[in-house]
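Asks: In case it's useful when we look at the structure, here is the feature table from TrEMBL:
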{"type": "BINDING", "residues": "Gly101, Arg164, Gly165, Gly189, Asp190, Gly191, Thr192", "note": "ATP binding site"}
{"type": "COMPBIAS", "residues": "457-466", "note": "compositional bias 'Basic and acidic residues'"}
{"type": "REGION", "residues": "457-492", "note": "region 'Disordered'"}
{"type": "SITE", "residues": "Gly191", "note": "site 'Important for substrate specificity'"}
Amino acid sequence: MGVFSKSQMKIVTGDAGYVLEDVPHLSDYIPDLLTYSNPLQDYPAYSVVRQYFVDADDTVAQKIVVHKSSPRGTHFRRAGPRQKVCFESDEVHACIVTCGGLCPGLNTVIREIVCGLYHMYGVNKILGIEGGYMGFYARNTIPLTPRVVNDIHKRGGTILGTSRGGHDTSKIVDSIQDRGINQVYIIGGDGTQKGASVIYEEIKRRGLKVAVAGIPKTIDNDIPVIDKSFGFDTAVEEAQRAINAAHVEAESIENGIGVVKLMGRYSGFIAMYATLASRDVDCCLIPESPFYLEGKGGLFEFMEKRLKENGHMVIVIAEGAGQELLSESMHSMDQQDASGNKLLQDVGLWISHRIKDHFTKQSKMVINLKYIDPTYMIRAIPSNASDNVYCTLLAQSAVHGAMAGYTGFTVGLVNGRHTYIPFQHITERQNKVVITDRMWARLLSSTNQPSFLSPKDIIEDKREEGPTPTQLLDGENCMDDKPASKEICSTR
Ligand SMILES: Nc1ncnc2c1ncn2[C@@H]1O[C@H](COP(=O)(O)OP(=O)(O)OP(=O)(O)O)[C@@H](O)[C@H]1O
Ligand SMILES: O=P(O)(O)OC[C@H]1O[C@](O)(CO)[C@@H](O)[C@@H]1O
Ligand SMILES: [Mg+2]
């Protein structure tokens, strides 16, 4: 096997095209790092489990559908407890911070990091950093114990508070150093993980024995590589309530139209999965699929047809859909939030006005439209059962990784296995719905809505997307070699 560093990544190559995109380890820059037996060895609950410890050579393939002649491809280090750890229990001083927007499951992850450190590794110095990254230097801290976090998974939001903006790397690392913190658990989305990456780089530059572990959070599911993000299932489930309400309202009145806006700034996964789950949706509009309103093949034509057939209809629209149409008809504000994310205009309100306008002025149909915006209600709820389990495993993976001395990594489920992924791999692009792949086609055949694309557009779209999909599974569009394209792989 060859080991080399390519643009700061630890790449290990092996036979038959095997590539391990490895995560950094404290021993990479700290010479003579001491190791200790994992205390779990003496813990009856774990020591009876055969092969509880992960073999140091275990890795997980990014692509699991291959041809006879395919190279073995990219792998990630398998997550889990190691025989040896790099911290003694009473040496650990951990901290946890949550950044970016809310997402169901944040409190569960916090709880399980605290309980994992405490119960599995006997760690009792754990600090909660209040109010996101800026909390490192501008806010108070909260001591976290299993008792403090006992019930928090039943609440939405984050007990630590969160924020956007305010990432000052040297002030953050100064604070870590001054407080004697040696394990940093960072929960947040793409921006947060970029922030975690620069914190790790600065810690390494200063030669500190501090492990940095990221736990990816995004309700939009816009983080690549991982099967899906925590809180996503909960969001899809909660969206059903809004869609159901829209449907009840719409079908109770002649030519009733329900419009539901769901989150999804650049990626329409929540809208796509909520639509597929519901069966009451007639048309789903997402940022990745451009649409138009007027003329042949446009939304209004489809709406008139559907209303004539069924007497009512439901439209689900992701918040980032049709932004180019909005900026054509409204003054683009070009405002940003504190983290530099573009502030979007309310597409749900806009499309509702446009629909009303069209039917009043250009069509003889009298319609009755109800607009429902449940976005923050969906984001603010506690996680459901399956997300709670998922959050627990992510938190425990992060704890095992940091205790073993891995650093500069994010935890993630890849093809159903928990892994450690280098920050760069998940921050370099965004996960988006690929509209030329099967999952979107399934949605189109479920709603029977127009694709708003001409055959010529589809050919061009495919050409732009470059290489053919590397995953060939049914429902698969994880195109690793092209930018911004990977579908949730939970449908496998
Ligand atoms: N490129 C970057 N370098 C350093 N810090 C960053 C970077 N991008 C964002 N951050 C910091 O990360 C934090 C969260 O970023 P952001 O508000 O974009 O949310 P996010 O983590 O992407 O989550 P969400 O899913 O809600 O968008 C902020 O404090 C922001 O300053
Ligand atoms: O209003 P806030 O808190 O900035 O968050 C809104 C954004 O957060 C997200 O949910 C991502 O976390 C986006 O879908 C949405 O645009
Ligand atoms: Mg983000």
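Yeah, the Cβs are placed from backbone N, Cα and C, and that goes for glycine too.
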Asks: Other residues with Cβ within 8 Å of the Cβ centroid of Gly101, Arg164, Gly165, Gly189, Asp190, Gly191, Thr192 at the ATP site?
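Replies: Same chain, not in Gly101, Arg164, Gly165, Gly189, Asp190, Gly191, Thr192, Cβ within 8 Å: Cys99, Gly100, Gly188, Gly195, Ser339, Asn341.
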Asks: Using a 10 Å radius around its CB, how many other CB atoms surround Gly101 (ATP binding site)?
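Replies: There are 22 such Cβ atoms around Gly101 (ATP binding site).
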Asks: Return the residues near Gly191 (ATP binding site), defined as same-chain residues 6+ apart in sequence whose C-beta is under 8 angstroms from its C-beta, sorted by sequence, else 'none'.
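Replies: Correct list: Cys99, Gly100, Arg164, Ser339, Gly340, Asn341.
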Asks: Taking only same-chain residues 6+ apart in sequence, whose CB is under 8 Å from that of Thr192 (ATP binding site), what do you get?
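Replies: Residues satisfying the criterion: Cys99, Gly100, Tyr133, Ile186, Gly214, Lys217.
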Asks: Just going by other Cβ atoms within 10 Å, which of the binding-site residues Gly165, Gly189 has the emptiest spot?
Replies: Gly165
Asks: For ligand 3, list the binding-site residues among Gly101, Arg164, Gly165, Thr192 whose CB atom is within a distance below 6 Å of it, in sequence order.
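Replies: Checking each Cβ against ligand 3, none of them comes under 6 Å.
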Asks: If you pair up every Cα among Gly101, Arg164, Gly165, Gly189, Asp190, Gly191, Thr192, the residues annotated as binding ATP, what's the maximum separation in angstrom, rounded to an integer?
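Replies: In whole numbers, the farthest two Cα atoms are 13 Å apart.
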Asks: Consider only the binding-site residues Gly101, Gly165, Asp190, Gly191, Thr192: which of them have a Cβ under 6 Å from an atom of ligand 2? Write none if no residue does.
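Replies: Listed by sequence, the hits are Gly101.
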Asks: By a simple count, how many Cβ atoms lie within 10 Å of the Cβ of Arg164 (ATP binding site), its own Cβ left out?
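Replies: Taking all protein chains shown, Arg164 (ATP binding site) has 20 Cβ neighbours within 10 Å.
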Asks: With Cβ-Cβ distance below 8 Å and at least 6 positions apart along the chain, what are the contacts of Asp190 (ATP binding site)? List them in sequence order.
Replies: Thr218, Asp222, Ile223, Ile426, Thr427, Gln430
